[in-house]
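Trainee: Below are the structure tokens for one structure; questions will follow.
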Amino acid sequence: MFRIGENIRLLIDRPDGTYCFRLHNDRVYYMSERILKLATNISRDKLVSVGTCFGKFTKTQKFRLHITALDFLAPYAKFKVWVKPGSEQSFLYGNHIMKSGLGRITENTAQYQGVVVYSMADVPLGFGVAAKTTQECRKVDPMSIVVFHQADIGEYIRSEDTLT
Amino acid sequence: MGRKLDPTVKVKRGPGRKARKQKGAETELSKFLLLPIERAARKQKKQTSKKPGSDDDEDEDEEEEDDDDEEDEKDDLKEDEEEEEDTVQANFDETETFKLPAAADRAKEGLLQMDLQTIHQRIRDNVDVLSHFSEKREEGKERSEYLSLLRSDLCTYYSYNEFLISKLMDIFPVSELIDFLEANEIQRPVTIRTNTLKTRRRDLAQALINRGVNLDPLGKWSKVGLVIYDSSVPIGATPEYLSGQYMLQGASSFLPVMALSPQEGESVLDMSAAPGGKTTYMAQLMRNTGMIVANDANADRLKSVVGNIHRLGVTNAVICNYDGRQFPKVMGGFDRVLLDAPCSGTGVISKDPGVKTGKDEADVLRSAHLQKELILSAIDSVNADSPTGGYLVYCTCSIMVEENEWVVDYALKKRNVKLVPTGLDFGKEGFIRFKERRFHPSLKLSRRFYPHSQNMDGFFVAKLKKLSNTIPTQQKPASTPEKSNMGKKQKLKPEKSETPIITKKAGVKSENKKSDGPKKAKIAKLDGETSKKSAKPNKKQKVKELNGDSTKEVVIEKKKGSQFEKNNKTKNKNLLKKNKNRMGKNKFKKLKNMVGQ
């Protein structure tokens, strides 16, 4: 899921101060250093969240990116997929995107490349993985899956509990 | 309709059918609304005009509360039975006076199922009488009798418990009370707040209209609010909602944040943050700068805070799970604090009808106690010397005086704070006096909101400014406030920490300079405080006298004044006693430096 690559530096050195990542209770949080300092006053077991949670480490130490990181990663995404209005809701319910719902896709998307899914109004909807390369997408039939669903903003309602 | 048993008895009949029809449907129906008991009572009254002897006495005896004369009861019952047999139609004339049913009749009503329509009619009549009491009252009937009848009728009709209805009758005049109760039966309109971090109200409104939502801007007083009339899609599940462009929030919840108006770059504490609507509003006003600490004592509800914060794209928030009362210990020195205290919820009955029957005296007092503790902790967490802030907003979604004005008044007495205008130009002013209690006159600056007048949930907002970081000692020993101030000094950023101990009053400062040695400085400072305190009751006296209030209140104020004087004496005593104990080296040095300045 190396989807922003070198752009990570852009997340660390921002014009309004340095930001940093911190690990707390198996979750990775992204915050400015100012907040970090002030948050040290709060004891570990009482601290619920700082700044934005980007994702968590699972029991087997794999990193799972959360939907909450969407706002930060979306501007730096190299590969984007646009969804037609009709299939928007379907994606928000957690389904994969089919060729019939595909609006646009960035050129030269490799297979199994991490992508950010947008609506036609350029509103970021979530993360996905390209199931086919851009070339293949043109050839394949309308019922086949082109983007695997990974995370979408519908999760704010569906799985509120797992956000913390 | 029955046969006339005695054709010689001339029955007076009211206006005929045609005449009644012309008057209107109400008069037609009122014929059926009267219970036979009430008809009989009316008839009896007519008869008493002919027989001014024993019947009159019987009538008056019946109306006396609780002391049931068995004989009278029996007589009354007999007469009623006879009259019911007569089956005479007494036509209800609207201009006729509203009669209180006899105590015996009311006892019977408990067994009879009175239909709601009758009760409603009776309530309306009762209110009418109470509003024009001198003209419409019955002879010999006290106001309290009408009120007690109204109370029990309201309890049955609107399904409240006695306690709550009595409280509401104290707060509202009777006609407003009916409006309030009616307003609690229907829902307030759904309102949303635009998240200006992600979109503008105009664009959001356009997008929602395209989805099929019928909406309007909330009002002149808000630039981010929208009210939803109806919608073909669920408002809580649109892609705009999910991408965090707006938040479902009650209109009254906008108000405390507008009153607090946090500025960019400030540090703000939200002591009871769940579910996060106010926290996120503050973050958007601050444009994600500064820092917000969102705290809530309930870990489950905190999850919704986390969710909302992430969804709306708030990046400057720290969320923690403390009991609000621990606050200045955990972290202090905030520029602004918002305390939306847990309360009995009497303002949001339309959302939660369980409050109607579930709350009683103990609940309200328990809430009030907790709120008092919380407001003191909140005040202690504010940094009075903050260059941009030093404000605290206290708000509740309750209309009870015990939870609102009383708590703020308590805070005014216990800490160096004062009330300032909230900046909300609509809404009712807070109470200055209520039943036997008198509050500080500045409570006029707080605001009350009601469902029936502002069409939003019942709310109370008060904005306080902290004047100094010292805690006025009354029975506390002198060293503890100093300790807490020392702690604050360490936590404060270096630019901000002036000497928190020396008050801002110039007079006191000069006193400090004159005195030699830190101990005397302490006494001088506290004297300065006490002189400030004793000035307060005098001011109160003057204000009261200017208002031309009754002498009673002046007496009360004088008593308060003397109370303060008493406390001053005890303060000095405690100080002298305390000074016998030695001070630590570091404190001594610090004080010395301060006095040296």
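Think of each number as a place in line: the chain as shown, counted from 1.
Backbone N, Cα and C define each Cβ position, glycine as well.
Take a look at what TrEMBL says about it:
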ACT_SITE  B:CYS397  active site, nucleophile
BINDING   B:SER272, B:ALA273, B:ALA274, B:PRO275, B:GLY276, B:GLY277, B:LYS278, B:ASP296, B:ASP323, B:ASP340  S-adenosyl-L-methionine binding site
COMPBIAS  B:10-22  compositional bias 'Basic residues'
COMPBIAS  B:55-87  compositional bias 'Acidic residues'
COMPBIAS  B:471-483  compositional bias 'Polar residues'
COMPBIAS  B:508-532  compositional bias 'Basic and acidic residues'
COMPBIAS  B:533-542  compositional bias 'Basic residues'
DOMAIN    B:180-467  domain 'SAM-dependent MTase RsmB/NOP-type'
REGION    B:1-96  region 'Disordered'
REGION    B:471-548  region 'Disordered'
REGION    B:578-597  region 'Disordered'
Trainee: Would you give the longest CA-CA distance, in whole angstrom, between residues of B:SER272, B:ALA273, B:ALA274, B:PRO275, B:GLY276, B:GLY277, B:LYS278, B:ASP296, B:ASP323, B:ASP340, the set recorded as binding S-adenosyl-L-methionine?
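Mentor: In whole numbers, the farthest two Cα atoms are 19 Å apart.
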Trainee: Under 8 Å between C-beta atoms and at least six apart in sequence, can you list the same-chain neighbours of B:CYS397 (active site, nucleophile), or say none if there are none?
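Mentor: Those within reach of B:CYS397 (active site, nucleophile), by Cβ under 8 Å and sequence separation of 6 or more, are B:SER252, B:ASP340, B:CYS343, B:GLY345, B:GLY347, B:VAL348, B:ASP457, B:GLY458, B:PHE459.
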Trainee: Could you tell me the mean pLDDT the prediction assigns to the domain 'SAM-dependent MTase RsmB/NOP-type' (B:180-467)?
Mentor: 90
Trainee: What does DSSP assign B:SER272 (S-adenosyl-L-methionine binding site), in three states?
Mentor: coil
Trainee: When secondary structure is assigned with DSSP, how many helix, strand and coil residues does the compositional bias 'Basic residues' (B:10-22) contain?
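Mentor: Grouping H, G, I as helix and E, B as strand yields 6 helix, 0 strand, 7 coil.
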Trainee: Which has the fewest other Cβ atoms within 10 Å: B:SER272, B:GLY276, B:ASP323, the binding-site residues listed?
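Mentor: It is B:ASP323 that, of the binding-site residues B:SER272, B:GLY276, B:ASP323, has the fewest other Cβ atoms within 10 Å.
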